[in-house]
Amino acid sequence: MTRVEDFFSKQIDFCKRKKKIYLAIVASVLLVAAVIGVVAGVKSHSKNSDDHADIMAISSSAHAIVKSACSNTLHPELCYSAIVNVSDFSKKVTSQKDVIELSLNITVKAVRRNYYAVKELIKTRKGLTPREKVALHDCLETMDETLDELHTAVEDLELYPNKKSLKEHVEDLKTLISSAITNQETCLDGFSHDEADKKVRKVLLKGQKHVEKMCSNALAMICNMTDTDIANEMKLSAPANNRKLVEDNGEWPEWLSAGDRRLLQSSTVTPDVVVAADGSGDYKTVSEAVRKAPEKSSKRYVIRIKAGVYRENVDVPKKKTNIMFMGDGKSNTIITASRNVQDGSTTFHSATVVRVAGKVLARDITFQNTAGASKHQAVALCVGSDLSAFYRCDMLAYQDTLYVHSNRQFFVQCLVAGTVDFIFGNGAAVFQDCDIHARRPGSGQKNMVTAQGRTDPNQNTGIVIQKCRIGATSDLRPVQKSFPTYLGRPWKEYSRTVIMQSSITDVIQPAGWHEWNGNFALDTLFYGEYANTGAGAPTSGRVKWKGHKVITSSTEAQAYTPGRFIAGGSWLSSTGFPFSLGL
């Protein structure tokens, strides 16, 4: 019994010892686990803290970049809030270029919203007048143009500054966004004819102005970024221009295609198609020839328009690029129509010929609107085509003859005749060696040669009249004292017009320029005159506005030559038309 008791007693002692050891081991394990947990927790907390610090640093840096980029815009609060309200914007912004790109993408969405709002308005608003319906369709067209321009600008920015020369990048980007701003104004301008129009305008105003401000901000940031980059480039390298111009040494530019070189070298251009009203060509109307022309053509497509009077409205849509209209002489080939505001059109839609597609050329043709002075706005030619040029063409109408709507344009050896605001719009347009004649207007009217429509100080737009002849037609000359004629008036706030090296007859009033409405734009416009001659050229009696300037420096005047103002050195040779790049 004792052994048994001893045995069990030992067994019990052994079990107790084993249990103690087991508990000790468990305790040790738990202690180690606890320590590991604490260490891991500390490390995790440290990592999370580091990650949070990194995120905060990135966010802070992105905010600083956005603030800096937006500080030079006209609407900095809108610029900043639009960007920082984008989800994860801090991950998308590492440079000023990123801010611009993001801003443009936001603007694209805003334009789309406006587009669908207009479509809905057309469907649902009762009692729209015929002109209001036309104006709303004008809005859809200009919004569509804006979307294309913004998308192209984004693509250009993604490759900036490596796709092409820095200067070309700069001019292209400024032109695209300047045109986008103009399009918003054009939409609203269609609703400015009567009180009913203005009610519809009020519905569209907020959305259109929002897009315009967003585009304005993008343009300001582009100007700031590119000005800095150009300054840096000039420090690093001496100015050089490897592109040789025909004007300089008789050689063709290296970027001109072989096909276009052959076309320009030929004394007689072989057309791709012929338009003849008498049925002797491929088509009877110009419109039909345009419809059948290839889209997005990379080579020149020549449409010869034989002698005749073509009574039609012609629209060259944006996809019909590189079209050239070649007439049989401006006295022989005439395209004419008579749409006008008085009969229910908008100014934009009244044009006999409208050109939107890029690189459209015309020579030896008359564009005419025969509506007459009593019908008010009636456009003969509306040009929104970038890198477009006109040679030996006549533009004949009364009020609003030539609408230089948007983009870069060049007119050489042309005649423009009209009455009120007969060269108007917001393109970057240069007239060289042209005749610009005021006609006899309606009773009580004054003639205004120009009405330039720049709305933003950063737009690269304006009207330049260089080496031209400004005078009067035969019907005005005998009665010109009864109908005062002026060089221009400010259609929009930052209106810009320069008259230089031109002959001006006494048809122009000594004051030279006329106000639009009281003091509107007199301080913000820029009206320059340089080295003009003739009885109407003296500047001593000119208006004393802050925005008027007599230019005395040839260096300053150079800024308004084709080579500088419309980057003519990179494209005018490809037209085959005569031109001078400088003074």
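All positions are counted from 1 along the displayed chain.
Using N, Cα and C of the backbone, Cβ positions are placed for all residues, glycine too.
Among the candidates T346, T347, T524, the one that Swiss-Prot lists alongside Q377, R489, W491 as binding substrate is T347. Here the recorded positions are N105, N224, T347, Q399; the one with the fewest Cβ atoms within 10 Å of its Cβ is N105. Proximity note: of the listed recorded positions (N85, N105, D400, C414, D421, C434), D421 have a CA within 10 Å of the CA of W491 (substrate binding site), given in sequence order.
Ranked by Cβ neighbours within 10 A across all protein chains shown, the active-site residues D400, D421 are led by D400. The secondary structure of N224 (N-linked glycosylation site), as reduced to three states from DSSP, is helical. Within the same chain, residues at least six positions away from Q377 (substrate binding site) with a Cβ under 8 Å of its Cβ are N340, V341, T347, S350, Q399, D400.
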